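Peer 1: Just lifted these from TrEMBL, have a look:
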- B:Glu457: active site, proton acceptor (ACT_SITE)
- B:Thr152, B:Gly191: FAD binding site (BINDING)
- B:33-146: domain 'Acyl-coenzyme A oxidase N-terminal' (DOMAIN)
- B:289-472: domain 'Acyl-CoA oxidase C-alpha1' (DOMAIN)
- B:512-680: domain 'Acyl-CoA oxidase C-terminal' (DOMAIN)
- B:375-396: region 'Disordered' (REGION)
Amino acid sequence: MTDFTDNLKPRYDGAAILEAERSASVLGIDELSKHLLSRDDFLGRQEKVLKVLRKEKLFNKDQQLNLSRPERYHLGLARAKAIRRLVRREAWDHEDYKMAEYLNDEMSPFHLHMTMFVTTIREQGSPAQNKSWMPRILDYDIIGCYAQSELGHGSNVKGLETEARWDPVAQEFEIHSPHLTASKWWNGGMGRTATHAIVVAQLLLPKSSTAQPSTTDSENPSRSHTTSEYVPYGPQTFIVQIRDKKSHQPMQGIAVGDIGPKYGYASMDNGYMLFDRVRVPKSAMLSRYAEVSDETGALIRRGHPAVVYGSLTFVRGQIIMHARHVTPFSDMNWLVLARAVTVAVRYCAVRRQFQDRDGVAPTHSRPQDEVQVLDYPTVQIRILPLLAATFALHYTGEYMYNLYHQSRRTIEEGDFGPLAALHSASSGLKSLCTTIAADGIETCRRAMGGHGFGGGSGLVGLNADYLSKPTVEGDNWMITQQVAAYLIKKTTECVQNVASATQDPTEELLKDYLRGRAQHTPPSFLAADGSIDDDALVQIFRWRAAALAYAAYQARVEEKKPWTSLMIQLHNLSHAYSYHILVSTFRTALSSSSVTSLSNPTPSVLRTCFRLFALHTLSQSASSFLLTSSISASDLQVLDAKILEVMGELRPHAVKLVDAWAVPDWLLDSALGRYDGKVYEDLFERAHRKNPLNRTTFNVDWRSEEVVLGSGDGGRQLLAKL
Amino acid sequence: MAPTPDWVKQLKPSGPQGSELLAAERGQSDIHVEKLQELLLTKDVIERRNKILDILKSEPVFDKSSNYFNGRMERFERALAREKKLQLLRRKHNWTTDELRTASEAVGEPGPYALHESMFKITIGEQGTPEQQEKFLKPATDYKIIGCYAQTELGHGSNVRGLETTATWNPEDKTFTIHSPHLTASKWWIGSLGRTANFACVMAQLYIGGKSFGPHPFIVQVRDLKTHQPLENIHVGDIGPKFGYNTMDNGFLLFNKVKVPHFNMLGRFSRIDPQTNKYVRQGSPSLIYGTLTWVRSNIVMQAGSVLARGVTIATRYCAVRRQFQDRDAPPGEKGENPVLNYTMVQIRLLPLLAATFALHFTGKGMMHMYQENQKRMNGSGKGRESETRGAGPEETQAGSDILADLHATSCGLKSLSSSIAAEGLEVCRRACGGHGYSSFSGIGSWYADYLPTVTWEGDNFMLTQQVARYLLKSARSVLSGAKPSNETTRILSDFRSRSEIGCAFDILGSDEDLVSAFAWRASFLTFEALKHRDDNKKPWNDLLVDFYRLSKAHSQYLVVRNFYDALKHGNIGREVDATTHDVLWKLFRLWALHTLEQEGSEFFASGAASRHQISLARTNAVMKLLKEIRPHAVSLVDGWGFDDWVLDSSLGRFDGKVYEDMFHRASELNPLNGVTVDPYPENEVLFKKVEPLAKSKL
């Protein structure tokens with residue numbers, strides 16, 4: 001359709017503005033992109049896969065936000081299937097496939113099949129089980145999901161209600177849901193898609209067995225009449241067929257379905273599932289680490305019981321990597337925060353509002369022009385620290401990647417020692433990083449004013465989809481207890497042996513504190529010449545983490561305060577500890593050869609990012625740093641002025657720094673965040689030409705029950721749908 | 001879809017039932033809930049509301065059971081049907097404007113008539129001449145014409161001076177030409193405009209003989225009254241899907257040299273003399289600022305109840321939801337703990353619960369101030385008919401003018417309270433754990449629909465400049481020796497007079513001192529900012545972050561002050577029982593001390609509190625208050641009196657049947673479960689079978 005609007009131009013030329021921004025900074029973008037995104041040829045792969053997806057109409061995102069929930073699932077399944085067919089047609093490897101999922105940018109109904117389902121079987125299945133299941137999984141002959149959380153139970157696996165009762169006579173397990181709250185709930189891909197599920201259930205064995213029962217839940221009076229004959233052995237994993245291969249209807253004794261609409265994740269069929277005494281063979285229990293003995297009917301355990309939770313640690317690891325970005329397994333499902341920051345920085349460079357009160361025109365604008373909102377400190381203070389945070393999360397991601405692989409090797413050699421440290425670092429970082437990213441997306445969205453609320457921001461779906469992260473796999477508040485418990489234990493050990501040598505970085509942190517606390521004065525982050533002392537910044541973060549750990553130790557171990565009353569303190573401890581990891585690893589990365597070898601001014605701009613991230617965090621939690629004597633009152637006085645100064649240094653590079661994250665327009669799907677700055681043209685295009693609501697004319701007179709003008713049905717069709 | 005099997009129907013949630021848990025919660029608090037409801041809402045309003053709810057529940061068009069499943073088109077279509085029905089019911093039952101608003105709130109979604117009812121009619125009423133009111137307001141009241149208010153543009157939000165749409169005066173035929181010179185001039189975000197309105201009140205830059213006279217309002221017909229198609233040279237439509245607000249047709253609008261008669265410029269405060277072609281100012285538009293101020297006071301008061309909805313849901317669910325065993329529980333005591341017993345759940349929810357009351361009483365206090373102001377304006381005989389143009393709020397005499405004080409106050413409080421409510425809702429959602437992410441929690445969509453409040457009526461960050469500007473002016477007047485004439489100058493003078501002696505507030509022992517500490521910190525930040533601006537000559541732009549903090553500090557002071565005054569001087573002692581009054585005092589202390597502890601470094605830097613006091617507030621006082629308020633939490637949220645039909649939440653049900661309701665909605669109301677899919681990638685078939693739901697009601 002053509003009309004007079006075709007010839008209208010925006011008053012400000014967004015393309016010219018972004019061009020000017022880019023030429024005002026000499027940062028080498030390609031080099032920085034490669035530095036950040038070279039693992040597994042990320043950039044090349046992105047280009048290759050994008051080229052294919054772009055051509056397929058099915059992956060066009062224009063109408064997504066207008067669709068209803070059932071339509072979104074329909075589309076989600078169509079795309080998931082199409083991607084599998086593309087994998088075959090294009091001969092894509094697994095990394096290519098992951099890239100396609102990342103670019104497709106919605107939760108695939110197959111997602112759990114290729115993550116938790118396959119990983120659990122690989123890690124917890126015996127060699128025989130692996131041999132029997134793996135080919136069918138990889139061929140998508142069966143489609144799996146992972147059924148752990150229940151309607152009444154989330155993070156606490158010990159509280160799960162689903163039972164797996166061993167029948168020694170028939171040599172079968174009976175899977176059963178004794179209550180409504182035992183219903184599996186939230187399990188991705190289970191609602192409509194999966195044919196098989198890994199079911200996490202409490203193993204019950206007849207009392208005559210000779211193995212030691214689990215001590216946690218032995219005599220629960222609320223259990224059914226069989227309590228006297230059966231003893232619980234804690235949660236185990238079972239592979240269960242839940243739908244018929246042909247008809248795709250639920251198997252006998254299973255009630256399974258989708259749990260309904262959510263805040264986001266519209267394309268994914270999160271499910272519920274109940275069992276009515278469903279029988280599965282002995283081979284259904286994944287038995288690499290535990291098995292019911294053929295002879296005695298007793299439970300034989302191999303290795304460390306914590307491995308049963310290994311899968312969960314794995315998923316947590318992945319989520320942190322989503323939040324920042326580099327994940328060892330799904331390299332692509334990340335960069336979320338960088339995406340939000342990219343949109344916000346570009347749009348705030350193009351958007352203008354109000355004239356400068358002092359009348360000093362900033363660079364490249366006519367005197368009577370409104371100011372680029374990115375020049376407002378109130379906008380900078382919201383966006384630039386998040387821009388800095390994308391780099392902080394990146395380098396911590398690298399650190400976690402290494403820690404994970406190191407620990408994994410040790411664990412595979414049979415030493416479960418590093419598990420506690422890995423678990424606590426991953427829990428703490430998961431909690432902090434997902435919170436930074438989720439809040440950061442929302443902050444970016446709001447910093448864009450009214451248009452941030454519109455579908456054209458590209459952050460509407462991103463925000464909604466990402467917001468599940470702070471609560472899945474252990475509420476962000478709940479899991480911080482595990483970090484704190486670990487640190488209290490470590491502190492207790494260190495207090496007893498202050499003088500002995502340190503075993504690991506955490507001990508070093510704690511012992512430095514214990515040795516230094518008698519004559520401590522907080523270091524100043526300002527060097528004698530007024531410049532910022534980066535090492536002092538790290539010291540300040542270290543000191544706060546250690547001081548809070550020691551305070552928690554005192555409260556819990558010395559004063560024996562109730563755990564529940566300490567939870568807030570423990571939560572703050574976990575965050576302080578994780579922040580110290582973020583700041584220290586960022587600082588360390590700055591001195592690494594991979595950064596120092598970058599051409600100028602990249603290393604110094606990265607240093608500015610580091611400073612902004614650290615100083616802004618200091619300012620956000622000033623009370624906490626002050627109360628632990630980590631920072632001096634005089635440093636506090638100059639803190640805000642320093643932040644303003646550092647933001648001023650970063651501002652000219654902002655547009656190029658987000659360019660370095662190389663998020664393609666196709667993925668951003670954002671009018672506001674377009675690479676070329678044609679913000680207003682695109683917003684208008686979406687509203688005017690791509691909006692189905694504009695194809696309907698309504699009858700707005702309240703006296704008439706007809707809703708669509710000329711339909712003549714008096715609103716009956718609508719009522720029928722209610 | 002196959003009907004639910006019997007063995008599923010027979011299942012009950014494990015452990016103590018939700019209804020028992022909530023009954024126990026209610027049993028352990030002797031707060032008189034009905035009295036508390038009457039204090040917050042008044043008896044009269046509660047009775048009217050209940051009558052309206054009964055009417056709405058009996059009409060099938062208001063059935064909410066498919067709301068969470070529908071797409072944008074269906075949502076909008078349904079919303080329009082509901083709006084129409086509301087108008088029908090309004091006539092039938094002779095509803096007042098307040099009653100209609102109550103009904104709209106109970107329906108709980110922004111409707112396509114909303115901007116007609118509010119902005120369109122109000123603007124004509126306030127800025128139209130009697131003749132214009134006759135011509136436009138009358139048919140608008142009868143819904144013969146349906147309007148909207150078109151100010152914001154694609155490229156321009158809060159800054160009306162930057163608007164691009166032009167209205168050029170044509171002396172030869174005594175008309176205006178309304179025109180959009182650029183794409184960025186397109187009206188954008190305009191509620192009710194996209195598909196519904198046939199008229200718009202358009203804000204456009206007035207040009208006479210090539211000279212600009214700034215933005216003015218024009219009444220423009222945009223659609224044909226019969227065909228409902230756009231008029232010639234007008235391009236209008238809906239702007240597409242949004243984060244929330246999808247039941248509303250926010251619209252765009254472009255003009256290609258559209259002529260409107262001289263009559264259509266709203267002329268109460270300014271007009272063009274058609275004979276001389278001269279621009280004539282008349283009356284004082286400061287009343288318009290009065291309306292804006294009233295709108296903002298409303299936002300503050302609403303913020304309390306908006307947040308209360310999320311807090312109600314989260315508190316009830318956290319009383320029912322149990323997770324983990326208490327680490328310190330004696331060996332005999334097994335079973336998981338209600339998560340509301342966890343201090344880290346309490347620290348998130350209870351200060352928000354306190355905030356609902358703090359914002360409510362603050363909004364009430366502002367309304368009171370607004371009415372005082374109206375009385376004063378009407379009494380002085382000046383105001384609307386004055387010959388000289390009244391000053392805008394920035395130009396009025398600080399320190400003596402209630403209007404300025406109220407305007408500044410309303411800006412800052414609007415910013416603070418809507419941020420508290422929006423962020424608070426998200427905290428509530430997350431405090432519900434995984435289930436908070438389900439649409440059935442009822443918080444997500446509520447949050448999404450509330451979010452625009454954070455940016456409209458002035459972006460929360462931008463608005464704070466106005467507060468700072470006002471505070472700096474007040475501080476300058478105090479420095480010049482002017483006598484304090486209102487609350488703001490009083491606290492600034494007080495601070496000034498003690499600058500050589502300092503302060504020593506007993507923030508943990510005295511409620512009055514606690515209020516004073518907030519005043520002290522706000523005053524300290526005011527004079528600091530003034531020093532930066534006047535002595536150090538810092539650019540305005542560099543101070544925006546300081547101003548934001550200053551505004552926040554000052555607004556927090558006002559919340560604490562209003563909450564304190566309501567409890568200390570109001571009639572509360574007579575309206576509620578002693579326990580309730582006592583718990584309200586605790587909520588006051590919790591909000592104040594929790595805020596103080598969060599902003600500890602500013603209180604420390606200003607000298608309003610010592611490091612030791614802040615540390616004690618954090619580790620002792622706040623913890624003790626959490627413990628004391630905890631038993632009353634469920635009764636306190638009951639005090640807000642939300643009907644289950646309004647909450648539309650599985651987690652927040654009054655009877656605690658959380659899990660039964662979640663399951664019912666998932667398995668019986670969910671259309672996706674009527675679908676059988678072909679999951680195998682090699683088959684192109686997606687849905688093998690689509691059956692209607694076996695629908696049943698709870």
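Cβ atoms here come from the backbone N, Cα and C positions, even for glycine.
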Peer 1: What does DSSP give as the helix, strand and coil breakdown of the domain 'Acyl-coenzyme A oxidase N-terminal' (B:33-146)?
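Peer 2: Result for the domain 'Acyl-coenzyme A oxidase N-terminal' (B:33-146), in helix, strand, coil order: 89 helix, 0 strand, 25 coil.
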Peer 1: Sequence gap of 6 or more, C-beta under 8 Å: which same-chain residues meet both conditions with respect to B:Gly191 (FAD binding site)?
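Peer 2: Listed in sequence order: B:Pro110, B:Ala114, B:Leu115, B:Met119, B:Cys148, B:Tyr149, B:Met248, B:Asp249, B:Asn250, B:Gly251.
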Peer 1: For B:Gly191 (FAD binding site), which DSSP three-state class applies?
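Peer 2: DSSP assigns B:Gly191 (FAD binding site) to coil.
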Peer 1: Can you tell me whether DSSP puts B:Thr152 (FAD binding site) in helix, strand or coil?
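Peer 2: SS state of B:Thr152 (FAD binding site) = coil.
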Peer 1: Note down the number of other Cβ atoms within 10 Å of the Cβ of B:Thr152 (FAD binding site), including every protein chain shown.
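Peer 2: A count of 22.
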Peer 1: Need one number: mean pLDDT over the domain 'Acyl-CoA oxidase C-terminal' (B:512-680).
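Peer 2: Mean pLDDT across the domain 'Acyl-CoA oxidase C-terminal' (B:512-680) comes out at 93.
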